Amino acid sequence: MFQSTFFLVLMVCVATARFANKDHCPPNEEYNECGNPCQEKCDNGEPVICTYQCEHRCFCKQGYVRLTEDGECVPEEFCKPIHY
């Protein structure tokens, strides 16, 4: 009985968290049901090599990259080096 109740509560929590995030993405981000967790970042310029796996969460919009691993999404031009 405990296992079935625990499983039911767990499924409700997962479903709630999954659908609650769709409308609450930070600026310059959008929700993706199956996004690649290896996003471009300013500090590396390219995504790292990793296995493709679906992640359902907010990702940077087209033309934006992460400032840092868990940072905000900024325009790609923001990361380009300044030449003097």
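Please read every residue number as a count from 1 along the shown chain.
Using N, Cα and C of the backbone, Cβ positions are placed for all residues, glycine too.
Quantities reported herein were computed from a predicted structural model and do not represent experimental measurements.
What Swiss-Prot records for 1-22 is signal peptide, and it gives sequence analysis as the kind of evidence.
Note on CYS58 (disulfide bond): other Cβ atoms within 10 Å of its Cβ, all shown chains, come to 18. Secondary structure from DSSP puts CYS58 (disulfide bond) in a beta strand. Here Swiss-Prot flags CYS25-CYS58 (among others) as disulfide bond, drawing on similarity to another entry.
Summarising the annotation, Swiss-Prot assigns domain 'TIL' to 25-79. Counted with DSSP, the domain 'TIL' (25-79) comes out as 4 helix, 20 strand, 31 coil.
A simple way to gauge crowding: the CB of CYS54 (disulfide bond) has 10 other CB atoms within 10 angstroms, across all the protein chains here. According to Swiss-Prot, the feature disulfide bond maps to CYS34-CYS54 (among others).
CYS38 (disulfide bond) counts 15 other C-beta atoms within 10 Å of its own C-beta, drawing on all protein chains shown. Annotation comment: Swiss-Prot describes CYS38-CYS50 (among others) as disulfide bond, evidence class similarity to another entry.
If you look up Swiss-Prot, you'll see CYS42-CYS79 (among others) marked as disulfide bond, on the strength of similarity to another entry.
The Cβ of CYS60 (disulfide bond) lies under 8 Å from the Cβ of ASN28, GLU29, GLN39, GLU40, ARG66, CYS73, each on the same chain and at least six residues away in sequence. Under the heading disulfide bond, Swiss-Prot lists CYS60-CYS73 (among others), citing similarity to another entry as support.
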Counting across all protein chains shown, how many other Cβ atoms sit within 10 Å of the Cβ of CYS50 (disulfide bond)? 9
Whole-number mean pLDDT, the domain 'TIL' (25-79), equals 86
At the level of the C-alpha atoms, what whole-angstrom distance separates CYS38 (disulfide bond) and CYS58 (disulfide bond)? 13
